[in-house]
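Here the structure comes first, spelled out in structure tokens, and everything after it is commentary.
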Amino acid sequence: MTDYSMYHALGQGENLDPNDPNRTQPAAPQFQPPITPNPYQPGAGYNAPPGQQYPPPMGGPAPAQSPGYAPYGQHPGQQQPGFSPAGPLSPADDGGLAAQMGGMSLGADSGYGTARRKKKDRHAYHQVDAPVGSSQAFNGIPPAGTPATGYLNSNPALSPGQFGGGGGIPPQMGQFPAPVNSQFSPMPASPMEFAARGGMMDAILSPTVVSASGQNKVSPEDMPSVPLSRDSVQQYFLNNLYPTFERLVPPPATVSFAAFDQGNSSPKFARLSMTNIPATGEGLRSTALPLGLLLQPLAPLQAGELAIPVLDFGDVGPPRCHRCRAYINPFMMFRAGGNKFVCNLCTYANDTPPEYFCATSPQGVRVDRDQRPELTRGTVEFVVPKEYWTKEPVGMRYLFVIDVTQESFNKGFLESFCDGILGAIYGAEDSEDKGENGEAKRKIPAGAKVGFVTFDKEVHFYNVSPALEQAQMMIMPDIEDPFVPLSEGLFVDPYESRSVITSLLTRLPQMFSQIKNPEPALLSTLNSAIAALEKTGGKIFCSLSALPTWGPGRLFLRDDGKHPGGEPDKKLFSTEHPAWRKIAEKMVSLGVGVDFFMAAPSGGYLDIATVGYVASTTGGETFYYPNFVAPRDNTRLSLEIKHAVTRETGYQALMKVRCSNGLQISAYHGNFIQHTFGADLEIGVIDADKALGVTFSYDGKLDSKLDAHFQAALLYTTASGQRRVRCLNIIAGVSDNPKDSLKFIDQDAVYTIIAKEASTKLATTSSTLKDIRLGLTEKTIDVLAGYRKNFLSQSHPPGQLVMPERLKEFSMYMLSMIKCRAFKGGSETTDRRVHEMRLIRSMGALELSLYLYPRMIPVHNLQPEDGFPDETTGHLRMPPSIRTSFSRVEPGGVYIVDNGQQCLMWFHAQTSPNLIADLFGEDKTSLQALDAYTSTLPMLQTHLNAQVRNIVEFLRTMRGSKGLTIQLARQGIDGAEFEFARSLVEDRNNEAQSYVDWLVHIHKGVQLEVSSVIP
């Protein structure tokens, strides 16, 4: 990668703007990842009858037939009356499924098949040679020799009668416009049509059309499918890198991909709602879309991605713009032979510091650019000198604050929490996490220390110094004016004091088995915890199992469950207690944050609106167990404590977002304190799962000849005690014609920004839940009406709902938002409402995408090779997920439904005894024989058991902060079946319409909107 003209157009090598789709000069050589020959097998894994299988992937042998499981009381070969197994679609029925694939540049006969790459080639650190000449990613021109047809995915050699056997994918005509029974015969294309077909950069993306009124009733098959949009793209990214600069719209948030940082920050850290933005505010308003940036600054990396470079410029600190204080980045230009650098955000010409000077080439590129990660990478970290410190940085102080009240002990929550802490700090005894010398790996970084406090009516501190044989308890009875009774021994290295800490946590449940105080004094405990962390900052992990009704700041049962108007009073969504607001602000100012683990063992009220306010304001998280049952929830609690302790975490954080001239920040959405608008965001703690939303407005006109730039800088102290700035640099093209921006919409960023805005609005304004739902509906109508009014190049009949190609699934996500617990109508406990409302405000794109539209995977008809590594790629072969609708449920079926918060395994009442025995053991042959509190699958030697365990392990890697455990939902037996029903978001439930009815409703709104402007 020696030619940096491929990175950006800063006067190097090409005189024309690289973002101009009409340029005549060829682009610089581009990084082009290898494309897999046949990335998606749509029908595999659906009980396909013999002889109707889709062709095997990669040209390999056809997979062996799965024996399958017949519904209970039925022989395997016998078909139940009125039910036909879901086999692959015949050519006649292929219109909906196959047409969805059109325009994704996928297919075996696309003309872009390349030789198969080795597995190592997908990793970012391998040299990938760029092909000479123009890149398909930029202008869609095919390689020489590709037959001239207007459709990228078609094979012109096929006769009309041959199509449909699975060899190609039908036309790029949007998602489902073709009549169901029509056959596809590609026609010769003009050069213009050829150049415009489905290329990633300048594709003329066809709109998606749904007949939403008139004689043709909407078929569920016609509607854009979220599972298909995820699965089809996933296959490509298993074998290809995602190059961050090549003007590609980021992959869906739920897709596992390895990003190659080319100077633009990876979508894992930053997602723009559109990567090509209109030049004027008027242009943006015509799209009705938000211009927003979703930031997850400490997001975890995937195996194969390069680590974030950590750079130390010594006492002078990193070079910065003198005017806007932006940090040095790949898009700053060096002039005057390297003596000046021009800021890409405010265009100010700065003198280059003497110690940073380097000569430039005739093209203006620094000679040492290759050796400078800050000039080649979009995400970097700078170690900063003392002027960036507020206090001496030290390793993180982890303070575990444990509820030892009567309720906590009785329900086993105390014992579970202590076990979880031990597992999080030291790992299980038989854990495979061993270091080189055979010792267990450190779970928390060197330099970090841990401390322990318990509380009921009083606060108990523990001296766990390694010099002691066992921990010493010190009781602080003065809860009105709390203090720290220990000067030494409260915070220790957990590995030096391992025996003392292990013995303390093992004995705690017995110590408090007789002293049963029912009421916790939580606020006093938090105040004394702050006193312990005052000099250093740090993180508190606090358990709570009863409403804190004792001492200062005691709370009362505000929500009695009776809401005369049908919806709860807005006061129940926030804290009105000044002491709780004050303690949250004090924590942030001291660089302290808190994670709460809140269990309501009898489903009781915990006033999460007040207690959780402290967690959300300080940047922490609330883990909520609405009906804690120790045998079932132990595993999940342990996983979540471990994740909370070991995930990347920083504290004493400040954040600043900067943008190009012509734009300004209009709002922030997330967990932080901002004292005045325009000031830095103050965050007590920030971790790998937390995301912020930033929206922008125009204060001028952008120049379409230049790019728009954004930079987010997070100043924080790492868990190991180093003060750093993490810089994220994002670039976007600018278009005078807003229609061009529609080709570059990131759907996940759009609905995530909208969800965060709605959550903030509900929490901080007088808007009611009904107003929020109405606002989300109107937003959906505005986006689709704006597209129809302003951007359609051809007229469509009034009876058709037309959607932008990049926003096909947008309507489904918006419907799911209206159905989610945070915003839905009907009765819902305020604890759960507020908890999920705050979750939405802090979630990243991956977690929110799953939360709104769960994965649903059938496990009763897995193909034999599903759930095992693919021989050619080495990646796990995942079965395709299906639409979340009860119409997809088969008699005798078993389904995994995972929404990122909980994972249900639903069993139909007629599930085959053989299948149950294969999953849970030979002694389990009926649903009634299963343990209702099962949370994990046993490890058996059966094929199906291994498949499902592997699938669950894969799902575990693709979620946010919540631990994944299985919860059984047996039809007609378990209460969790209600959770399963409300997860089927395409059906009519959660006080809202079904997907079909919603599209019809949206279409009527669009028609009214469009007709109101036409004279």
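Just so you know, glycine gets a Cβ as well, placed from its N, Cα and C.
Curation does not apply to TrEMBL; its annotations are automatic.
TrEMBL annotations:
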- 31-40: compositional bias 'Pro residues' (COMPBIAS)
- 61-82: compositional bias 'Low complexity' (COMPBIAS)
- 318-356: domain 'Zinc finger Sec23/Sec24-type' (DOMAIN)
- 397-643: domain 'Sec23/Sec24 trunk' (DOMAIN)
- 650-731: domain 'Sec23/Sec24 beta-sandwich' (DOMAIN)
- 746-848: domain 'Sec23/Sec24 helical' (DOMAIN)
- 878-925: domain 'Gelsolin-like' (DOMAIN)
- 1-123: region 'Disordered' (REGION)
Please compute the mean pLDDT of the model over the domain 'Gelsolin-like' (878-925).
94
Counting CB pairs under 8 Å, which listed stretch among 397-643, 650-731, 746-848 touches the domain 'Zinc finger Sec23/Sec24-type' (318-356) the most?
650-731
Counting by DSSP, what is the helix, strand and coil composition of the domain 'Sec23/Sec24 helical' (746-848)?
70 helix, 4 strand, 29 coil
Which residue counts does DSSP yield for the domain 'Sec23/Sec24 beta-sandwich' (650-731) in the helix, strand and coil classes, in that order?
0 helix, 52 strand, 30 coil
Using DSSP, what is the helix/strand/coil residue split across the domain 'Gelsolin-like' (878-925)?
11 helix, 10 strand, 27 coil
